[in-house]
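Quick notes on the structure that follows.
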Amino acid sequence: MRIHDFDPDNRPRERLLRSGAASLSPAELLAIILRTGTKNLNIVDTCNELIARYSLEKLANITLEELKKVKGIGDAKAMQIVAIFELNKRLHYSRNLNKKIQAARDVFEYMAGRVPDETKEHLFVLHLNTKNQIIKTELVSVGTLNAALIHPREVFKSAIKESSHAIILVHNHPSGDVEPSNADKQVTDLLKQASTVIQIDLLDHIIIGKTGCFSFRESGLL
């Protein structure tokens, strides 16, 4: 069934005008952006298939090639989907600009959407000023965290250049289990020793998962 064959009261655009965006399903909202379907498949059905296959959460980080595996999604529609989720990420980033960090949860919320590939471990350094506001976010390494591979010089080089008052280490666990490994503890100890020498405070090391985080400082390990 084509969108034009829907009861006028049930068409996504008309319902949005009448009842607001909150009254629409994710598939209907996406359908308004993509506008047209194919000869045999209306755009609402296409969007329902997209969300059923990948989930709304995964759509935010999916590639153009993966999107085009769904019937009815070509280059133009795939680019529209990528663009709308990228705008949402940038809105989130702009709201967190110069965010003041008061607890590990602040870091967890700040990092939402910033890990480019959650199937791999990423180590970030957050640079803070004297008010504990983030002045820079730096990706230091990608891959399994290992004290033998992480050199303090690489971590603190940018902190010195930025005149950072303090730093916070952040890395993700692809498994979702945020409990620290022995390697995580070794890296933390190594960089804590270096921070004492360089006199740039290591405020915390935070491990993030999909739904929560682990703070070395709040757990008494730093």
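For all residues, glycine too, the Cβ spot is worked out from N, Cα and C.
Taken through DSSP, the domain 'MPN' (100-222) splits into 34 helix, 36 strand, 53 coil. Annotated domain 'MPN' per Swiss-Prot: 100-222, in sequence order, evidence recorded as sequence analysis.
In the structure as shown, the Cβ atom of Asp184 (Zn(2+) binding site) sits within 10 Å of 23 other Cβ atoms. Per Swiss-Prot, the feature Zn(2+) binding site maps to His171, His173, Asp184.
Per Swiss-Prot, motif 'JAMM motif' is recorded for 171-184.
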Worksheet entry | Reported mean pLDDT - the motif 'JAMM motif' (171-184) | 91
Worksheet item: Inside 8 A of the center formed by the CB atoms of His171, His173, Asp184, which other residues of the chain have their CB, for the recorded Zn(2+) site?
Response: Glu121, Leu123, Leu145, Asn172, Val178, Pro180, Ser181, Ile207
Practice prompt. Have a look at the binding-site residues (His171, His173) and report the one with the fewest Cβ neighbours inside 10 Å.
Written response: His173
